[in-house]
Amino acid sequence: MIHRTNYQQLRIGLASPEQIRSWAERELPNGDVIGQVDQPYTLHYKTHKPERDGLFCERIFGPTKSGVCACGNCRSVNDEGESSRFCKHCGVEFTDSRVRRYRMGYIKLACPVTHVWFLKRIPSYIANLLAKPLKELESLVYCDLFLARPVAERPALLRLRGLFNYEDRAWRNILPTFFSTQNYEMLRKNEIVTGGDAIREGLASLDLQSFLNCAYLEWQASVKQKPVGIEWEDRTIRRRKDLLIRRIKLAKDFLRTNMKPEWMVLYFIPVLPPELRPIVELHEGELITSDLNELYRKIIYRNNTLREFLSGSEFTPEGLIVCQKRLVQEAVDALIGSGIRGQPMRDIHNRPYKSFSEVIEGKEGRFRENLLGKRVDYSGRSVIVVGPSLSLHQCGLPREMAIELFQAFVIRNLIGRHLACNLRAAKCMIRKGNPIIWEVLREVMRGHPVLLNRAPTLHRLGIQAFQPLLIEGRAIRLHPLVRGGFNADFDGDQMAVHVPLSVEAQIEARLLMFSHLNLLSPATGDPVSVPSQDMLLGLYALTIESRQGIYRNRHLGFIDRVNVYSTKLLHFSSYCDLLRAKESRQVDSHSLLWLRWKIDLQIISSKIRELSSESHYESSGTSFHFYENCRIRKCRDGSISSMYVLTTAGRILFNQQLKEAMQGVSKNSFSYTTSSTLSTSTIDRCNTNSNNEE
């Protein structure tokens with residue numbers, strides 16, 4: 001059994017035939033070696049007890065009842081002594097029945113078969129290593145083609161090379177007349193091969209280091225090769241480069257992990273523990289079983305038939321043996337990955353079997369459903385909605401969820417402040433909703449961050465830390481700018497809330513995981529907290545002029561750009577005057593106005609350096625220069641004495657909010673702008689300026 005205290009990580013890789021066998025094989029005190037499943041039976045049709053050496057054998061997988069053997073004898077599980085722990089008649093161990101959840105068996109195949117994951121998946125690892133087309137390899141695996149293999153340092157009688165079709169050869173019916181059956185079989189085994197044997201020999205003959213060196217040299221030569229200008233030739237060169245890169249990566253992985261390519265061909269099939277593929281008895285006495293049991297039975301039936309054919313090969317036609325090898329390969333394919341690039345195997349009711357791949361893959365598979373998707377304490381889940389009034393590092397938690405998540409902390413606080421005498425009294429106060437509870441909860445939440453996670457967690461920004469705030473309702477509220485990191489939308493998406501318990505977890509959340517510290521993508525460095533959708537529309541509506549867009553048709557008395565200087569517009573000397581006028585409803589967000597601008601600030605517009613459209617000079621030497629968006633008053637010496645910009649109240653409010661939100665950035669980065677959106681380039685510039693200041 002795997003104990004979580006002994007193992008800190010899990011690595012998935014290829015297993016050698018000896019390792020697969022060692023998973024299940026063990027020796028009894030009487031010297032018998034058990035573990036091999038060689039009978040296709042499951043339960044006896046009358047007694048419903050496991051059959052010996054079958055798929056539910058108690059000798060191999062353990063007793064169905066704790067301390068009870070197949071004979072019905074009972075003995076304590078804690079009895080000491082090797083001989084007393086086994087029944088001498090049936091060989092069943094007197095142990096806990098829970099061992100049937102992790103004890104495995106194995107099926108010894110009469111012929112090697114190719115693992116369908118490494119053959120038919122895209123990209124095909126076997127095809128990449130052998131540098132052969134996938135269709136040819138599939139024909140070889142399923143015994144449609146044969147491969148010539150002359151014995152080393154011996155002359156080849158048939159003079160065959162490469163792949164060929166056995167049925168098309170004329171000598172197939174001539175040679176048996178000149179050789180005895182035994183000699184002809186020996187000749188055939190030395191000269192030709194098909195099925196998993198051919199794939200295993202090809203993979204075993206690879207020298208990975210020399211293979212890697214040759215592939216690397218060829219890739220270097222192809223990189224130096226220039227395009228010839230012909231489309232199909234250039235495409236062929238690119239495909240060859242991609243193939244070489246895949247082969248180099250694959251060879252490096254095999255060398256790094258000390259795994260052998262021939263392990264992709266199976267000699268032993270591991271049999272899952274019975275509790276993971278159960279047979280359930282219904283009330284009427286009927287039995288329902290897992291599809292894996294039926295697939296295992298097919299493999300054992302076909303494998304036993306092939307073993308009988310091979311044991312009497314002198315009298316068995318060659319075509320029958322080849323056909324049976326193909327059936328064994330198809331049965332193993334159906335068990336591991338039914339329907340990969342083909343039709344799945346079906347039962348008598350035309351229902352496709354559920355293979356091992358379908359059991360472990362997908363959202364409802366073994367990994368995501370049972371291992372990664374476990375329910376954990378101090379967590380909750382709810383729908384997310386937008387919270388525009390929140391700060392970037394804040395989230396709104398419903399009161400009902402927050403009191404459940406922080407109940408232990410609230411109880412400790414109540415008892416520590418002598419507001420409750422014991423645990424029962426504190427829980428009673430929480431259940432009744434005493435008003436003091438919410439004050440204590442706010443105090444607890446003030447110093448405790450929470451983690452928000454949206455599945456699937458594809459990158460680091462899929463889980464971030466926030467400062468929780470109590471809100472009404474039953475939905476979690478988020479600042480609209482943080483949705484980019486989660487790849488979430490406010491259209492019904494759900495997010496999980498986790499409470500970090502240890503001090504180390506809380507420190508990590510505050511220093512590394514807070515949302516305002518994760519504004520850039522860790523993969524590309526691009527900003528992820530950028531306005532989109534309704535935020536862009538709101539910024540557009542805030543910064544639009546009364547003579548533009550939808551307001552052009554709504555307000556008939558709009559001002560033309562030509563007579564803007566001849567029209568009487570409101571003048572304001574500061575932002576505070578404008579704010580007071582806005583609060584008293586003297587101006588709206590879209591009305592044009594003149595605002596006195598500080599001379600030491602720069603306008604983010606190059607038009608101030610252009611020629612003025614009109615200039616007025618006074619006898620005192622002062623001059624007025626009129627531009628498209630501003631007017632400047634200069635002294636006699638040419639210095640600027642005052643400057644007014646043409647803008648709207650909405651733009652000024654947006655610009656001021658932008659400056660206050662980015663106080664740590666250089667003031668030059670946030671001068672007045674007429675842009676209606678906070679673009680990604682603005683955030684890039686702000687980030688660059690802040691880095692320069694640091």
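For all residues, glycine too, the Cβ spot is worked out from N, Cα and C.
In the three-state DSSP assignment, the secondary structure recorded for Cys71 (Zn(2+) binding site) is coil. Positions annotated as Zn(2+) binding site by Swiss-Prot: Cys69, Cys71, Cys87, Cys90.
DSSP assigns Asp491 (Mg(2+) binding site) to coil, not to a helix or a strand. Residues or ranges marked as Mg(2+) binding site by Swiss-Prot: Asp489, Asp491, Asp493.
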Where the distance is taken from Cα to Cα, which of the binding-site residues Cys69, Cys71, Cys90 turns out closest to Asp493 (Mg(2+) binding site)?
Cys69
For each of Asp489, Asp491, Asp493, count the other CB atoms within 10 A of its CB; which of these binding-site residues has the top count?
Asp493
Which chain neighbours of the Zn(2+) site, leaving out Cys69, Cys71, Cys87, Cys90, have a Cβ atom within 8 Å of the mean position of the site's Cβ atoms?
Ala70, Gly72, Asn73, Lys88, His89, Gly91, Val92
Additional residues around Mg(2+), ordered along the sequence, whose Cβ is within 8 Å of the centroid of Asp489, Asp491, Asp493
Ile384, Ala488, Phe490, Gly492
Close in space but at least six residues away in sequence, with Cβ under 8 Å from that of Cys69 (Zn(2+) binding site), the same-chain residues are Glu58, Pro63, Arg75, Cys87, His89, Cys90, Val92, Glu93, Phe94
If one measures from the C-alpha of Asp489 (Mg(2+) binding site) to the C-alpha of Cys71 (Zn(2+) binding site), what distance in angstrom results, rounded to a whole number?
62
Out of Cys71, Cys90, which has the highest number of nearby Cβ atoms, where nearby means within 10 Å of its Cβ, if these are the binding-site residues?
Cys90
